[in-house]
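Peer 1: What TrEMBL shows for this protein is this:
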{"type": "BINDING", "residues": "Gly6, Ala7, Thr8, Ser9, Val10, Gly11, Lys12, Thr13, Gly58, Asn112, Lys113, Met114, Asp115", "note": "GTP binding site"}
{"type": "BINDING", "residues": "Thr13, Thr35", "note": "Mg(2+) binding site"}
Amino acid sequence: MILLVGATSVGKTLLLKRLQNNNSMKDDIPTTIPTVGTNLMTVLTSKKAEVTVREMGGAMGPIWHNYYNDSHAIMFMIDMSKPTQVAISCVQLMTMLSQPATQNTPVLVLLNKMDNANGMNWPEVQSLMRLDQVVQHAGQSISVLETSAKTGHNLDKVTKWLYQQSKLAEGSSTS
Ligand SMILES: Nc1nc2c(ncn2[C@@H]2O[C@H](COP(=O)(O)OP(=O)(O)O)[C@@H](O)[C@H]2O)c(=O)[nH]1
Ligand SMILES: [Mg+2]
């Protein structure tokens, strides 16, 4: 199972809906309703293999760690259109990365809503989050993608990452 975490309304459900529909129907933005608790969805990876993703929102933040052991990879989503939330998300990300249970877990950081005109640009994100340093100093293998669950930007790269993770999980007997 792959875990997808991030604050409320960052775009987790929309991403999963996009991935379920193979990122088709770009003009049609699926409607999402706020997820209460957790949401399990089966999505397709790049080679049409299926993978189960568990979405957990901000309200569940205090118990995210209960799911780290069962997750062979973690996606962490941040809403780039909300600069004030980005700093908080960064702290949550570093907390997650420092947990013993995630030390060998590949992580994908999704900088979502990059389509939003009020969103921050990459240099701003770098200075606010020091994301490159976070990535450099973390023990995990971390990838970072700028995405838009709305326009579908870079979602092909997300499906490729999911495929790689499902292959890695197959290769290890413990997951
Ligand atoms: N502009 C923009 N809006 C987005 C994007 N992703 C999600 N949204 C919108 O943000 C709102 C919350 O999305 P949702 O997927 O329910 O967030 P969740 O709480 O993380 O599951 C919805 O109105 C989405 O249409 C994005 O990349 N760009
Ligand atoms: Mg949701």
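Cβ atoms here come from the backbone N, Cα and C positions, even for glycine.
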Peer 1: At 10 angstroms around each C-beta, which of the binding-site residues Gly6, Gly58 has the fewest other C-beta atoms nearby?
Peer 2: Gly58
Peer 1: Among Lys12, Thr13, Thr35, Gly58, Lys113, Asp115, the binding-site residues in the record, which have a C-beta under 6 A from ligand 2?
Peer 2: Lys12, Thr13, Thr35
Peer 1: Of all the binding-site residues given, Lys12, Lys113, which residue's CB has the most CB neighbours within 10 A?
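Peer 2: By the 10 Å Cβ neighbour count, Lys12 comes out on top.
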Peer 1: Just checking a number: largest C-alpha distance across Gly6, Ala7, Thr8, Ser9, Val10, Gly11, Lys12, Thr13, Gly58, Asn112, Lys113, Met114, Asp115 for the GTP site, rounded to a whole Å.
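Peer 2: The widest Cα-Cα gap among those binding residues is 22 Å.
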Peer 1: Among the binding-site residues listed here, Thr8, Thr13, Thr35, which has the most company in the form of other Cβ atoms within 10 Å of its Cβ?
Peer 2: Thr13
Peer 1: Identify which of the following binding-site residues, namely Val10, Lys12, Thr35, Gly58, Lys113, place a Cβ less than 6 Å away from any atom of ligand 1, and list them by sequence position.
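Peer 2: Within range of ligand 1: Val10, Lys12, Thr35, Lys113.
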Peer 1: List the Cα distance (Å, whole number) between Lys113 (GTP binding site) and Thr13 (Mg(2+) binding site).
Peer 2: 13
Peer 1: What's the most sparsely packed of the binding-site residues Val10, Asp115, counting other C-beta atoms within 10 A?
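Peer 2: Taking Val10, Asp115 as the binding-site residues, the minimal 10 Å Cβ count falls on Asp115.
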Peer 1: Taking only the Cα atoms, work out how far Thr8 (GTP binding site) lies from Thr35 (Mg(2+) binding site), in Å, as a whole number.
Peer 2: 8
Peer 1: Using Cα coordinates, what distance in whole Å links Gly6 (GTP binding site) and Thr13 (Mg(2+) binding site)?
Peer 2: 11
Peer 1: May I ask for the distance between Asp115 (GTP binding site) and Thr13 (Mg(2+) binding site), taken between their Cα atoms and rounded to an integer number of Å?
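Peer 2: Just about 17 Å between their Cα atoms.
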